[in-house]
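Some notes on the structure that comes next.
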Amino acid sequence: MGREPFNLKNLEMRIINNKKDAIQELKRISSRTNSENNNKINLIVEEILQEVKTYGDIAVEKYTKKFDGFNPDPMQISEDHLKDAWDEIDSNLKRSLEVAHKRIKKFHEKEIPQSFTIKGEHGDTVQRRWRPVKNAGIYIPGGRAAYPSTVLMNAIPAKVAGVEEIIMVSPGNKEGEINKTVLAAAHLSGIKKVFRIGGAQAIGALAFGTNQINKVDVITGPGNIYVTTAKKLIYGSTGIDSLAGPSEILVIADETAQSTHIASDLLAQAEHDPLASSILLTTSKNQAKEVLEELYKKIDDHPRKEICMQSIKNWGLIVICENYELCIELSNNFAPEHLEILALDSKKILEGIENAGAIFLGKWTPEAVGDYLAGPNHTLPTSGNSRFSGSLGVETFMKNTSIIEFNEESLKVNSLDIINLAESEGLHSHANSVKIRFED
């Protein structure tokens, strides 16, 4: 028992067939971003944020030149340019964006939290009132790929929530240009303000405000380690959605699942990033070997071969499990961002799942469906955070307020209990604030 060393040509991927080793390996993968460099990155980001806070646009331009290699002047992309981008993209792509927009909007409209009022028997009322934040900033990554889907997934719930002003930031390429499809998605989503800046300096601009960029109440959207660190450091004075780590998928499968489907779905994560993680929990030893073979075939001529190889080699894993119960236990411990269930009794497995950002059931539901147009948000908790949090949604862009109104009768009826509780905490002025209202 223990590890079976597998080395298929240049592809290395761990196969484990016992619970103890599986738990240790999943723990290692989950903590893959806990680097010794984190303190160094914190210091760099703190300096950037402080400069942006002090010098505003000048600091933003400085760091954009330094890290992105272009002068972002002018910083804002005009609304006409956004409209031009929409007009210029392929008609088929335009249709696909519209289909995705419609489905995502329909789902998020169901998420709108409802205000409510409870009336007490003595005339008191208590209310929960929901209101949108005034403005929000959304960060759209550049770099290895363009993500128009991320524009939709961040902008649509903000729009549905009723946010008055949405400011989008995204790093330009060396020529200072943002991908045309990303700009088209911004136009479709009704975004008026787009700035071609990225990195920690963009987060600082949104958090503190500059002459050109208004300070926002909430910042959402994924980014690299510098963006994530900046969001962590400004949290408390500005709201954020989450601290996104590298993408991850966990597939639970049995012998009925097709190995070529599994391999394709694992690679769909691996191609994102060298730190992306692709994990298979299977009840079939033969399937484990077949999936490895399929991975090699598909990676060999993949346009992002090197990224896939690094991801699979360092953060890929196959675990051969005795039964569904072990698959469920290991999955819940790992708490994946994306969970696919490709098994004959997928609904039974689903009943045991407690921790997952999003769950994809059956052979006709590859994770890519959720990435683009199923409707639920694709901004999901990573690094085990689905144990206590969920996806980005309409509530991310809203806040609630409690409204309380007592009359003389309701305060009198409840006064003794309020006084008793206040005095038990030694807060006598609290108690007196009730007593004094009934003194002659």
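All positions are counted from 1 along the displayed chain.
Just so you know, glycine gets a Cβ as well, placed from its N, Cα and C.
Within the same chain, residues at least six positions away from Glu337 (active site, proton acceptor) with a Cβ under 8 Å of its Cβ are Ser247, Glu248, Ile249, Ala356, Gly357, Ala358, Leu380, Pro381, Thr382, Ser386. Sequence annotations record features per position, and here Swiss-Prot assigns active site, proton acceptor to Glu337 (among others).
The Cβ of His338 (active site, proton acceptor) has 25 other Cβ atoms within 10 Å, all protein chains considered. What Swiss-Prot lists as active site, proton acceptor is His338 (among others).
In the three-state DSSP classification, Asn224 (NAD(+) binding site) falls within coil. Summarising the annotation, Swiss-Prot assigns NAD(+) binding site to Tyr139, Gln201, Asn224.
If you look up Swiss-Prot, you'll see Ser247, Gln269, His272, His338, Asp371, Glu425, His430 marked as substrate binding site, on the strength of sequence analysis. In sequence order, Ile418, Ala422 constitute the residues six or more apart from His430 (substrate binding site) in its chain with CB-CB distances below 8 Å.
Swiss-Prot lists Gln269, His272, Asp371, His430 with the feature Zn(2+) binding site.
Following the DSSP three-state reduction, the secondary structure of Asp371 (substrate binding site) is helix. Between the CA atoms of Gln269 (substrate binding site) and His338 (active site, proton acceptor) there is a gap of 9 Å. If you draw a 10 Å sphere around the CB of Asn224 (NAD(+) binding site), it holds 18 other CB atoms from the protein chains shown. Counting only same-chain residues six or more apart in sequence, the Cβ atoms lying under 8 angstroms from the Cβ of Gln201 (NAD(+) binding site) belong to Ile48, Val52, Ala59, Val60, Tyr63, Thr64, Phe67.
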